[in-house]
Amino acid sequence: MYELLDQIHSPEDLRNLSKKQLPQLAQELRDFIVESVSQTGGHFASNLGCVELTVALHYVFNTPYDRLVWDVGHQTYPHKILTGRKDQMHTMRQRHGLAGFPKREESEFDTFGVGHSSTSISAAQGMAEGAKLAGEDRKAIAIIGDGAMTAGMAFEALNNAGCKDTDLLVILNDNDMSISPNVGALNTYLAKLMSGKFYAAFKNTTGKVLDVAPPLKEFARKSEEHVKGFFTPSTLFEAFGFNYIGPIDGHDLDALIPTLQNIRSLKGPQFLHIVTKKGQGYKLAEKDPVAYHGVSKFDPANGLSSGKSGGKQTYTQVFSDWLCDMAAQDEKLVGITPAMREGSGLVAFEQAYPDRYFDVGIAEQHALTFAAGLACEGRKPVVAIYSTFLQRAYDQLIHDIALQDLDVTLAIDRAGLVGADGPTHAGAFDLSFMRCIPGISILAPSNEAECRQMLTTAYLHKGTTAVRYPRGTGPGVEAAKTLEPMEWGKAEQLRTGEKVAILAFGSMVTPAKEAAETLNATLVNMRFIKPLDIDMVNQIALTHTHIVTIEENVVAGGAGSAVLEALVANGHCKDVLMLGLPDQYVEHGDHAKLLAECGLDAQGILTSIQKRLATQKD
Ligand SMILES: Cc1ncc(C[n+]2csc(CCOP(=O)(O)OP(=O)(O)O)c2C)c(N)n1
Ligand SMILES: CC(=O)[C@@H](O)[C@H](O)COP(=O)(O)O
Ligand SMILES: [Mg+2]
């Protein structure tokens, strides 16, 4: 039972509370998040850090008329709870349940769909300009973390918004953390602001007392100057044309609420810098915000279980081991991550080779062009990147790397569906968008051992190469300790059957095995999407009547399309069934169940082929 929280069904209810009741509400909200996320899993520490800010925003602003635009969106559980979704929190990130990120279809309070970072300022500015054009006085507020603030897109938006007189409020939620500790010059700069004249008291208090909270007179004066246009910038954000306010304690409602109320009446671009603690209120998360960034189910009394999973190795672990082993063999190897050290498996590499490790912040575009520069100087860059985030760096992949035939290896994790994070994070498109780039080579392993071998193969191959592998574990084929490459461009025929040939790519080789057995079909592990093994395709076409392609990528433009193109180019006219992800966004949920929904589990593959055969006469 939550005395106040149970009565809040919309922000209207929240706005009917007295200010005095808000600290209790915040405490209940925090308790509820601990209870609920410990039962469902999901993003955790950032949500605890955002409780007071969320209460204050919905209290002060007239949501949903006023637009709250959250960056990344992994910190929006308090927002979801306060906007009528408390009773659905137990469905978090499950199929047909609540999404882990804001989603426009889910609620009118979710003004903008997110998952990828650093979009909030642009979107909020668009909304603010839209309101102005419509003659409406609504407010637009972007809430962005210090990690998300490091991306180029955020600065593109500041650069644009700061020269307009549009009413836009940017709130920087600075907790000195990205997923791992935040990096870069901006982070150093924010730390300086923190330790400066404004904020001396915060660090040594329980977070309740501020020397200068709220600095109302100060910001009223500054904003008057700002409007008059003769103010001298003293922070980076002022130099960008914003009226800078802060830093203030983002856990202190007595500071947040009057500050926001005052800002609300100000005109032009406003920038509020708040300081929070990731994991606030749950000691274990405060102590280890990296581990508690995203969690699986846990016992709130004891925290995350520290015992090893004991299960199979994940592909990420295979990559992590390979990277360290290859780095030991080749001193030219350098490893790059755009802010995904843990997720991409670079922790061990950073520890062993700190000088050759580069966390460039949330900056995928920069990560690739930076790799290109290193390659120009004879280094051998390995960029570890999630498939979905590589989308951000498409031009850099073409223009800065492949076009110049630079020797860069992309280790593309989370290729295919990712499960609970849903469509914003699915690696559904990389085969399609990379396959058309001249000069690039693309490999997809069917198991862990092959993953290691392919990483070696790609790394030793001169030129731009990509190895794409899925989230989580594979079939459990233990990787060798050696660094042996495989034969370049050659597929592997796993089974010889009759009439039907299944050409499977990467993660789809294992589920295709059952169908191949049942149908007495030929099964080929294609291994290379580019260069495609044309000899194999020709030989299959000459000896089979039906060809089936299977991939964990959208069918449109993917690996099956490559096979189709090869068949046409070589004059084969065959019945081809192309299986893969559909031409729609696959929602969040359990990975295996989603694959089954897409017909990409063993049974689904068999059924699709049988249906097709039933419609064909040979
Ligand atoms: C374009 C993009 N790259 C990487 C990520 C992965 N990612 C999600 S949250 C996060 C850290 C964000 O840090 P911050 O904005 O400070 O929020 P905090 O987690 O500290 O609350 C990262 C790197 C992402 N969502 N989008
Ligand atoms: C919000 C975000 O982008 C990350 O926290 C992401 O959810 C991590 O995904 P993995 O769990 O697959 O590393
Ligand atoms: Mg942060």
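Positions of Cβ are set from backbone N, Cα and C atoms, glycine also.
Taken from TrEMBL, the feature thiamine diphosphate binding site covers His74, Gly115, His116, Ser117, Gly147, Ala148, Asn175, Tyr282, Glu364. What TrEMBL records for Asp146, Asn175 is Mg(2+) binding site. Residues annotated as domain 'Transketolase-like pyrimidine-binding' in TrEMBL: 313-477.
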Other CB atoms, at most 10 A from the CB of Asp146 (Mg(2+) binding site): 22
Sparsest-packed among the binding-site residues, when each Cβ's other Cβ atoms within 10 Å are tallied, from His74, His116: His116
Recorded thiamine diphosphate binding residues, His74, Gly115, His116, Ser117, Gly147, Ala148, Asn175, Tyr282, Glu364 - maximal Cα separation rounded to whole Å: 32
Minimum Cα separation from Asp146 (Mg(2+) binding site), reported as the residue among binding-site residues His74, His116, Asn175, Glu364 that achieves it: Asn175
Contacting binding-site residues, sequence order - His116, Asp146, Asn175, Glu364 vs ligand 2, Cβ under 6 Å: none
Where Glu364 (thiamine diphosphate binding site) sits in the secondary structure, as DSSP reduces it to three classes: helix
Average pLDDT across the domain 'Transketolase-like pyrimidine-binding' (313-477), rounded to a whole number: 98
Nonlocal neighbours by CB distance (under 8 Å) for Gly147 (thiamine diphosphate binding site), same chain, sequence gap 6 or more: Ser117, Met177, Ser178, Ile179, Asn182, Ala339, Gly361, Ile362
Largest tally of Cβ atoms lying within 10 Å of a Cβ, found at which of the binding-site residues Asn175, Glu364: Glu364
In sequence order, those binding-site residues of Asp146, Gly147, Glu364 whose CB lies under 6 Å from ligand 3: Asp146, Gly147
